[in-house]
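These notes are about the structure you will find just below.
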Amino acid sequence: MTDLTSPAKHAPAAGPSVPGAAVYPGLDDWRQLPIAQQPTWADSPSFAPVVKELSTLPPLVFAGEVDVLRSRLAQAAQGKAFLLQGGDCAETFEAATADKISARVKTILQMAVVLTYGAQLPVIKMGRMAGQFAKPRSSNDETRDGVTLPAYRGDIVNGYDFTPESRQHDPARMLKAYHTSASTLNLIRAFTQGGFADLRSVHEWNRGFTSNPAHSRYEKLAKDIDNAIKFMASCGADFEALKTVEFFASHEALLLDYERAMTRIDSRTGLPYDTSAHFLWIGERTRDLEQAHVEFLSRVRNPIGVKLGPNTSPDDALRLIEKLDPNREPGRLTFITRMGANNIREKLPNLVEKVTASGAQVLWVTDPMHGNTVTSPNGYKTRNFDDVIDEVRGFFEVHQALGTFPGGLHVEMTGDDVAECLGGADPIDQEAFLTGYESVCDPRLNHKQSLEMAFLVAGALSQSK
Ligand SMILES: O=C[C@H](O)[C@H](O)COP(=O)(O)O
Ligand SMILES: C=C(OP(=O)(O)O)C(=O)O
Ligand SMILES: [Mn+2]
């Protein structure tokens, strides 16, 4: 599992290594450990000034919001709420436009309405948005036509263009990532608090989806939702209160220089919060218990996710719980399993059984994307819609059989009409990739595929009730 693609470039911790950084015991202990998947930029003259500036900029989220999220996730861990977490594999600076951000928020809200109906539970809405700029890679390099350059590691590290200048790791990109996250989050807050998220409008948008003949099989569910809303209106439900929604921001906490610099001591509690997002997760490639990421994330108060691939042993899971959630605090720890459709029914039960038997109550979420990545015959990184859905079904089956809670869905998706994943009722084929493939990293469900997934999952959820 360990993928030490670049050596640690940090001096041993002796208090905060950055003047002005928040001081709290243990926040710099990670600097003494091996660290995977980091840029090689610590010797750049701009590195120290950038990190110093980040340490003094305003937080992107407020610690009180982070606490609210933890309480919402605690509900989901007990089967009383459901998490929907979605967004790009890799956000880019260029695509942080009003149109693209609103399309993605809109799609997540549309999915959430359908899931709320299917699950008959509150849906916690969370974007892989406003900070999802750093990517772990399988290889340090990329070769095209005999030319080898550093791999693209996300806009916070280097550029996607295949030139030596663009692929150079540049610490100043951390500041651009901060400001792009701030403007994205500002727009998300405006949309979700300013009336755009009105339940009735979101429901109207879904009519566009079901009016497509390809989606006629979902009309019945859409009609049921319509009837439920009409019934609420007849009963005098307060739709004003349904004009705003809570929306949380999350990303993979990969670049520890950035995450450490964004960590602040909360004035209310005196405790450290990573204020770059409400929720941070540790990736499959960086969840080694003896290494820096797990150590650093164990020190902040945010709810933490860990991606678990098919090779995760029950012992790994139990040790992660011990390190990241020693107090067994409800909502603190989310396991995001990404096993692959072929593995989930075989590998997930043992993990869930052993964790449950230990007395821990984590939130179980399925990421049906990362275990189902394949290369299309014409050479694109893709996923089959049917495999993605099959993994979600497997996730529900396993939890149903064990009497545990399938608490959420983590997807790579966009609100745009792209062609990156194969299939769906209005099917995408590989020829469409030639003009419609936009992702700079992994393939996302497009707008229609995302909504279709929500309808299918809602159907499965309502059957399991
Ligand atoms: O989500 C990201 C990818 O799965 C990860 O970056 C690895 O991708 P790669 O194999 O193309 O490097
Ligand atoms: C890299 C990712 O996932 P994983 O760590 O599960 O491979 C991701 O979520 O984009
Ligand atoms: Mn990805």
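The chain as shown is numbered from 1 upward.
Keep in mind that glycine also has a Cβ here, set from the backbone N, Cα and C atoms.
Whatever TrEMBL says is automated annotation, not expert-curated.
For the phosphoenolpyruvate site that TrEMBL gives as ARG128, GLU284, ARG285, LYS307, the extra residue drawn from ARG153, ARG332, ARG338 is ARG338. In TrEMBL, the Mn(2+) site is described by CYS89, HIS370, GLU412, and among ASP43, ASP141, ASP325, ASP442 the residue recorded at this site is ASP442.
Listed in sequence order, the binding-site residues among CYS89, ARG128, GLU284 whose CB lies under 6 angstroms from an atom of ligand 2 come out as CYS89, GLU284. Following the DSSP three-state reduction, the secondary structure of ARG128 (phosphoenolpyruvate binding site) is coil. According to DSSP, GLU412 (Mn(2+) binding site) is assigned to a strand segment. By the rule that a residue counts when its Cβ sits under 6 Å from some atom of ligand 3, the binding-site residues ARG128, ARG338, ASP442 yield ASP442. In the three-state DSSP reading, ARG338 (phosphoenolpyruvate binding site) counts as coil. A 10 Å radius around the C-alpha of ARG128 (phosphoenolpyruvate binding site) takes in these binding-site residues out of CYS89, HIS370, GLU412, ASP442, in sequence order: CYS89, GLU412.
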